[in-house]
């Protein structure tokens with residue numbers, strides 16, 4: 001809670017400069033672009049395409065639309081383009097080029113910490129652990145050791161099976177299906193909303209199986225930053241503003257994020273987390289058991305119960321991270337590996353299987369192809385309602401169906417190229433669950449080991465409880481269960497597969513994914529943004545694998561989202577008006593969405609020469625690193 005220091009102060013500071021030696025802007029060194037688009041008219045684009053005899057279905061960057069401007073032109077039969085102005089606040093994603101390894105996270109310094117681990121001889125799992133801990137500190141509103149998540153690992157030996165480490169939070173031993181029936185808000189704020197945190201158990205289990213460097217070494221950078229201080233980012237400050245009254249009235253938050261005189265810290269002011277540093281030090285020294293028993297667990301249980309929660313010391317002692325077999329499909333001959341339930345990986349595979357049957361690469365970024373992708377999203381959203389924790393619900397038949405090529409073919413037969421339909425056409429069995437929050441990071445090392453980690457505390461600052469003794473911000477993951485038995489406005493009831501049961505994990509929208517080509521890693525990808533993760537990851541994968549965009553273009557392209565209910569197509573305001581109008585003509589109700597609603601981090605390797613490219617989504621001001 002220290003005000004901004006002078007420029008000579010050597011504390012950790014937020015950085016927006018490109019990291020390390022190897023990066024390529026792809027646009028003559030110009031990295032910024034605005035939220036405001038200069039949309040070129042369709043007529044102008046036709047003339048431009050004709051006059052330059054430009055090929056169809058390419059993604060090209062043209063410099064020189066106005067003073068110091070960038071235009072990213074995406075041709076659909078030479079018809080459509082998007083021009084983006086240089087002067088606004090949106091930063092253009094930076095494409096990092098590397099030879100030996102790369103890390104893509106939401107935070108520039110967390111990416112660097114991961115690469116430092118790789119430089120020291122650590123592998124992708126080591127780097128992922130170190131970077132995940134860093135993200136939990138610097139983006140405390142989205143993730144941290146008070147939450148949980150998933151780690152997908154593809155070992156360096158292609159013959160060794162990949163593994164999903166499930167460290168999702170669990171419901172307490174006295175949790176009940178109807179515990180939020182009278183007040184749904186209690187699932188989002190306060191002690192009842194807290195599930196048993198799983199992050200430390202998951203990171204420890206993954207490191208025990210695959211790690212090379214000492215466990216303690218992976219904690220050292222984050223401990224140092226927490227003790228010495230770091231500059232409050234504009235992003236975290238904006239999230240604090242949303243809960244300002246709570247911050248000012250809560251002992252833990254007040255001590256950390258105010259100046260001691262009733263004012264929130266400003267962006268750039270120094271934040272110190274000594275209690276959290278002590279906690280991390282203890283876990284670094286004694287392992288995961290230090291988190292789930294003893295001082296740390298005692299303090300967390302006491303704080304949860306003081307805030308109306310029901311977690312017990314035994315709930316912490318009983319927690320176990322789980323190793324699961326990932327799911328797979330082949331997309332245009334390339335192996336796609338993703339998470340099994342309780343993630344939503346099967347839905348990503350379903351959507352990929354659907355769109356694989358269309359000539360996307362041949363026909364390019366046309367309105368009809370985008371319409372087909374939207375329809376795949378709608379069917380996927382309906383299917384997702386049938387998933388749940390496989391330790392409590394047998395969802396194997398559902399998953400097998402979702403990932404079937406034949407089933408995807410049957411769905412394609414119900415997709416019209418000329419119109420969309422009402423929600424009943426997509427046959428949802430239950431209400432659509434809307435998830436929140438999360439952070440994601442992707443790692444690839446020199447041995448071809450790939451790791452994708454998605455972690456979360458759910459809503460902004462989770463349960464809004466910070467334990468004052470440990471410095472841990474606790475999750476509100478109970479909100480990801482089906483927390484009511486009442487039908488929605490469409491008459492659909494919440495899914496019984498995701499109802500609250502003691503010890504159960506709630507369904508997650510995460511979809512950490514790894515793509516192989518010829519037994520070599522090609523793409524490591526995942527996203528954050530709750531329910532929008534699936535649709536964002538799908539679009540970036542199509543941009544790379546079908547439309548053959550560079551990784552930065554694939555991530556920066558305006559996106560859209562459909563989750564069936566409400567039956568609306570959410571569209572990035574930078575999406576070309578030509579395409580938006582055509583999609584509307586198919587019957588889609590177009591609703592603008594914020595560009596920052598979904599964030600994607602990815603690493604791509606050239607299967608021809610082994611060059612590694614990494615991109616962190618500029619929508620969240622991320623920056624990847626490599627060496």
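Here the Cβ of each residue, glycine as well, is placed from N, Cα and C on the backbone.
What TrEMBL records for the L-glutamate site is 456, 457, 458, 480, 508, 509, 530, and among 168, 205, 209, 216 the residue it adds there is 168. For the ranges 40-61, 62-83, 84-105, the feature annotated in TrEMBL as transmembrane segment maps to 62-83.
Counting in whole angstrom, residue 457 (L-glutamate binding site) lies 7 from residue 438 (active site, nucleophile) by their C-alpha atoms. Note: the Cα of residue 530 (L-glutamate binding site) and the Cα of residue 438 (active site, nucleophile) are spaced 7 Å from each other. According to DSSP, residue 480 (L-glutamate binding site) sits within a helical segment.
Separation of the C-alpha atoms of residue 456 (L-glutamate binding site) and residue 438 (active site, nucleophile): 4 Å, rounded to the nearest whole number.
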